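Marked as domain 'Partial AB-hydrolase lipase' by TrEMBL: 58-114. As annotated by TrEMBL, active site, nucleophile applies to SER189. Summarising the annotation, TrEMBL assigns active site, charge relay system to ASP359, HIS392.
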Amino acid sequence: MALVRDSLLGLSTSWFFCVLVAVLAVQPHRAYGLSRGFFGPKRTAVAPPVAGICASSVTVHGYKCQELEVTTQDGYILSLQRIPEGRVRDGEVKRQPVLIQHGVLVDGMTWLLNPPEQNLPMILADNGFDVWIANTRGTRFSRRHTSLDSNQPDFWNWSWDELVSFDLPAVFDFVYGQTGQKIDYVGHSQGTLVALASFSEGNLVKQLKSAALLSPIAYLSHMDTKLGVVAAKFFVGEIVKLFGLAEFNPKEKPVGNLLKSLCAHRGVDCYDLLRALTGKNCCLNSSTIDLFLMNEPQSTSVKNMVHLAQTVRNGVVAKYNYGRADYNLNQYGEATPPIYNLSNIPHDLPIFISYGGQDALSDMQDVMLLLDKFKTHDVDKLSVQFIKDYAHADFIMGLNAKDLVYNQVVAFFKRHH
Ligand SMILES: *[C@@H]1O[C@H](CO)[C@@H](O)[C@H](O)[C@H]1NC(C)=O
Ligand SMILES: *[C@@H]1O[C@H](CO)[C@@H](O)[C@H](O)[C@H]1NC(C)=O
Ligand SMILES: *[C@@H]1O[C@H](CO)[C@@H](O)[C@H](O)[C@H]1NC(C)=O
């Protein structure tokens, strides 16, 4: 357990390498979780909580919380939580809505693992925001569909392109419809990628007020650690043949076997590299890591992992590459997948970017490539924050994230209201 826990300190919660940790950790953490009995003696650590996110993580702290459902145009039924106000009622009637979008292989609960004084949704609620927490398709509370079952391959026929075309628009329409107000957005990791891609296509921007992008990933080609390279190669090259259209469930055996084979590659030392890959998170509470282990990781689709790996390898932000000119032609009318041109993001959109000096996934060189796309952005609409000691997970679970990041996000949003 010590080994697993140690390596977890260096864990990213929102990128595909956390799969590696997850698989290493599944057995020990099951036992550990049981002994701790966080969710009560009857439940194992890896079983999803029976109650939704509101009941398990929000109302227990004295906040109001609503469980809601949004159906995407392609039929996925997504769960959404709303924390309409803070603990102290201030009589304010019209609150500013803010939508919070997690990264890959985790779900909305990942924002709620720290105590109320330290987690982003509750800090926003206590600052007068009307808080909405999204849960991406395929994660435990977003696994229903109007006509497909999650054990059918077709249920998993999507990549982050579909999050851009369907998930985000559905949730934005819903929140906008309910509140009648333009939305502030906070994304982490994949939650930044899908937002940037959407904005570049001119989507969502009419319903959006400002966006805060934490640990932004768009360009990933500098994530050049050995295991990263091996994994990305594998995902692009072989995984489709191996898994087909399927669920990518880090808690199940096929993914475990995959991990073992990746770790057996020459020069890949999974224990050491976990830290090196995801960055050395400075500021995680070990109790929060325990909670994380009980609640994450969550599934995504194999196709999404492949698409993310393509981004690592090709260094461009583009749609899913079917790997064959005729397939791409059929799908896009072009032999190569169309790019998301980030230069087309409206220059007057207020954007806050926060990135860390220890973040191996959102590597500084890649962030520089991203920032280059904002060269011509209105200067008073762009705010960039660099936190030297922060790695990927510190942005969602860091003990001091309130002081370092969240207060800045709140101030940025308020400045642009
Ligand atoms: C997967 O979805 C794409 C469109 O997004 C479609 O062209 C393709 O036929 C689907 N594949 C399967 C096996 O259903
Ligand atoms: C870590 O989390 C536990 C459980 O929420 C809490 O009791 C403890 O005070 C936290 N430690 C710090 C340094 O915030
Ligand atoms: C992206 O958009 C910018 C500005 O609209 C344009 O100048 C540039 O040529 C585009 N790049 C690509 C690769 O299409």
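Every residue, even glycine, has its Cβ placed from backbone N, Cα and C.
The separation of ASP359 (active site, charge relay system) from HIS392 (active site, charge relay system), Cα to Cα, is 5 Å. In the domain 'Partial AB-hydrolase lipase' (58-114), the DSSP tally of helix, strand and coil residues is 9 helix, 20 strand, 28 coil. There are 31 other CB atoms within 10 A of the CB of HIS392 (active site, charge relay system), with all protein chains counted. Residue pair SER189 (active site, nucleophile) / ASP359 (active site, charge relay system) shows a Cα separation of 11 Å. All protein chains included, the residue listed as 'active site, nucleophile' registers 29 other Cβ atoms within 10 Å of its own Cβ.
DSSP classifies HIS392 (active site, charge relay system) as coil under the three-state reduction.
Confidence in the domain 'Partial AB-hydrolase lipase' (58-114), given as mean pLDDT, stands at 94.
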